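Novice: Sharing a structure with you now.
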Amino acid sequence: MRIAIVNDTAMAVEALKRVLLTVPGHEISWIARDGTEAVARCARDTPDLILMDLFMPVMDGVEATRQIMKQSPCAIIIVTASVSKNAGKVFEAMGYGARDAVNVPILGTQESSDSAQLLLTKIATIAKLIGKSSPTSTPKPQTAKLTSFSTHSTLLPPLVAIGSSTGGPKALAAILSRLPANFGAAIAIVQHVDMQFSAGLVDWLNQQTALTVQLATVGDRFEKGIVLVAGTNDHLSLHSDLTLHYTKEPIDYPYRPSVDVFFKSLAQYWNAKGTAVLLTGMGQDGAQGLSLLRSRGWHTIAQDEKSSVVYGMPKAAVQLNAAVEILPPEAIATSLIQQIMFRKSGVPKSDTRK
């Protein structure tokens, strides 16, 4: 795997080089000292992956990520001194397309050893997603056996389920910021993000919306006006008693938490129609689940190509004819409001594409 390093600190660059070269098959394609240099180098020689610092002279990592994903896109991991202390910047970079984030593994401490192992794990996951890992079969989430549940659908709150990955935080903020405080539906979000950042994502989203955003915990139920966000590296899933749980299965599935696992659990146990949205992201996670939900009568939406940072997941959904509508985030918010209003009034909405 060809990996570039963008960092202005010599010690950090050396630490990253040592960590990367412990894995056969990894090579350093180039090193840049600031964002401007990285944008130029990437345009000439696009690597498989960039390890991007946040704070550098001339151009910082957020702006460099934005320009690279627009001009010569590739996978990007933010590697900086303290991810937790810079959560806002991290999610801003993720909104522009950064795939993940980890503390820089400065040599000599147990914490750095843990960071090094975490970095290699994240790189291995990205390698699977972009087809740069050793050939192995990628397991698919099991298809849910569809059964009906006895709870009458009129007792259940309107539900909006959203799946997102690369570029997701920005798209989520664009949608949630446009929903009113009295939005009459429950919302559940599965964003591909490491559990160490999930609390930070919730805090950041709470600053973007009038709704209440919180981590989904075991035993939670959907509630109007509450936005629940998957909060662990395990897969969020709805159980037959309509409470939320986490499951490790499928263990080797590269997307964690998985949108497909969540969507398929909704198709199995949620005995009411809802609205499901699949946003920007690498790979195909969520496409099968969205298709299944559409077949169960849900209103389904995929983000359009123009507004997607990575047109992978929504593209796969469109190819499966899983999306009733194909829209940018701002229009998705409008559609969600219309869906809730139509359901309250009992007026059906036509099945149209845009």
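Note: Cβ is positioned from N, Cα and C throughout, glycine not excepted.
If you look up Swiss-Prot, you'll see 2-119 marked as domain 'Response regulatory'. The 4-aspartylphosphate feature in Swiss-Prot is assigned to Asp53; the stated evidence is sequence analysis. Annotation source Swiss-Prot lists domain 'CheB-type methylesterase' at 155-343, citing sequence analysis. The annotation active site is assigned in Swiss-Prot to Ser165, His192, Asp285 on the grounds of sequence analysis.
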Novice: Let's check the environment of Asp285 (active site): how many other CB atoms sit within 10 Å of its CB?
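Specialist: Cβ-Cβ neighbours of Asp285 (active site) within 10 Å number 30.
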Novice: In sequence order, which same-chain residues at least six apart have a C-beta under 8 angstroms from His192 (active site)?
Specialist: Ser164, Ser165, Thr166, Gly168, Tyr255, Arg256, Pro257, Val259, Gly281, Asp285
Novice: Same-chain residues six or more away whose CB lies under 8 A from the CB of the residue listed as '4-aspartylphosphate'?
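Specialist: Looking at Cβ-Cβ distances below 8 Å from the residue listed as '4-aspartylphosphate', excluding near sequence neighbours, one finds Val6, Asn7, Asp8, Thr9, Ala12, Gly61, Ile78, Val79, Thr80, Val104.
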Novice: Across the domain 'Response regulatory' (2-119), what are the DSSP residue counts per state (helix, strand, coil)?
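Specialist: Computed counts for the domain 'Response regulatory' (2-119) are 55 helix, 25 strand, 38 coil.
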